[in-house]
Amino acid sequence: MGIREFPNGSAGMRRSPDVSPRRLSDISPQLRQLKYLVVDEAIKEDLKWSRSVEDLTSASVGLTSIEERILRITGYYGYQPWAASCKRDERSRESPAPAEAQMQAGAEGGARGNRCCWKCSVTQFKKLFWGVAVVLGVCSSWSGSTQLAKLTFKKFDAPFTLTWFATNWNFLFFPLYYLGHVFKSAEKQSPKQRYRECCRFFGDNGLTLKVFFTKAAPFGVLWTLTNYLYLHAIKKINTTDVSVLFCCNKAFVFLLSWIVLRDRFMGVRIVAAIFAIAGIVMMTYADGFHSHSVIGIALVVGSASMSALYKVLFKLLLGSAKFGEAALFLSVLAVFNVLFITCIPVILYFTKVEYWSSFDVIPWGNLCGFSILLLTFNILLNFGIAITYPTLISLGIVLSVPVNAVVDHYTSEIVFNSVRVIAIIIIGLGFLLLLLPEEWDVWVIKLLTHLKVRKKEEIPEGNGDIASGLPNKSRRTRPSRSSFAH
């Protein structure tokens, strides 16, 4: 075509890949002519307001044909029209239509997204279901053990002996864990192999005598003190005050972790700690600072402090433990209790501090029931995170407070005055604030930003609906103007 357009042209006008391309200055007259191309205003308006796919397709085809014509005329850079048309045909045959490709990709992506959403929703539902079950178990076992201990002391006034008896049941932790390992694990191990593997938690040499006295014995003492002070406080004050004051151990854990472990400082947790301290003071004031209630409140606060010290030292000296390692550690505490704490109830018996006339007087049903409930509580508290969220487990401790309050209302002469109610609410609020995750402020900012963006997106959509009629009107009136011009 180039020779027919330019009869005086030489054979060099035919371009092929073997010939070097022409210079841009050779086609400068043709390029200058492009400057004077004028498009009618009516055509501009039609192209501007056209929204149909056919108009866009025809425009793109027209532009492509103009471009090919210029390149064929000039022969610039070895252009071969047959090669370009063949490539276009091949591309059109190989690749499906854009709409079809988008529909296929959207269908595949939607199917994958639906499957993932279904799996996530089922998993979250299971975790939530087990979480509710664990919360009810923690609440009932903790409040039940507290009420049963109160009932036991009416017949058997020996809190330290009850502590020693219940701690011995911790020996069942590792056997129960091994039963779960046998039923759930694919690679089953013998009890000796599992024991040796869990002993690595104490160090490379396992559970040696030195490790027993340096890493297990201190925690055995703290465990015994925590339970004894808690049970002794039940003798002095009502179970509602005991259960709500023990919730302050969460605030003590934060303060000790901030000081000893150098944990991240969080203002909301400082506020929660202040709430806990204020609730303790108000709880003391609720009964008029009587010596009996002050001693009971001091015993509960001491128990909460020992519990917090136990948790912080465990993280400092031993770190985090797996389920088998935690079960073995709690069983080792029972061994320490039998070997070294047994002498104390014997001494208290012969000194008549905790004395009973005969073994027939001991309410063995209450003692065994209390021990089983306490064992259940510790199992759910330590191993419940395997099936649900840790926050839900902690909520069970808070929910035990209203349960104990209802029981005390019908079984004792407790007076829920305004000071006591406010103290309970403040301590409970502080406990809930301590359950907030460390990144809670980041999540709140992201949520507010997302809501703000959604509001901004909704406003332009509304404006677009109002203004959508304007182009249609102008498009309908455009033909009358063009006919008038002609």
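Cβ atoms are placed via backbone N, Cα and C, with glycine included.
TrEMBL labels come from automatic prediction, so no person has curated them.
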Kindly point out the range from 366-386, 387-407 that TrEMBL annotates with transmembrane segment.
387-407
Near the transmembrane segment (242-261), which same-chain residues lie under 8 Å Cβ to Cβ, leaving out any that are not at least 6 residues past its ends?
142-143, 146, 230, 233-234, 269, 272-273, 275-277, 279-280, 283, 296-297, 300-301, 303-305, 307-309, 311-312, 315-316, 394, 397-398, 400-401, 404, 423-424, 427-428, 430-431, 434-435
Leading contact stretch, 128-149, 169-186, 207-230, 268-286, 326-350 vs the transmembrane segment (387-407) - CB distance under 8 Å:
128-149
Go through the chain and flag residues at least 6 beyond the ends of the transmembrane segment (128-149) whose CB is under 8 A from any CB in it; none is fine as an answer.
162, 231, 234, 239, 242-243, 366, 369-370, 373-374, 376-377, 380-381, 384, 387-389, 392-393, 395-397, 399-400, 403-404, 407
So which residues does the transmembrane segment (326-350) touch in its own chain, when a touch means Cβ under 8 Å and the partner is 6 or more beyond its ends?
158, 160-161, 164, 167-177, 195, 198-199, 201, 207, 212, 216-217, 219-220, 223-224, 318, 356, 378, 382-383
Residue numbers, six or more beyond the limits of the transmembrane segment (419-436), whose CB comes under 8 Å of its CB atoms:
240-241, 244-245, 247-248, 250-251, 254, 268-269, 271-276, 278-280, 282-283, 285-286, 391, 394-395, 397-398, 401, 405
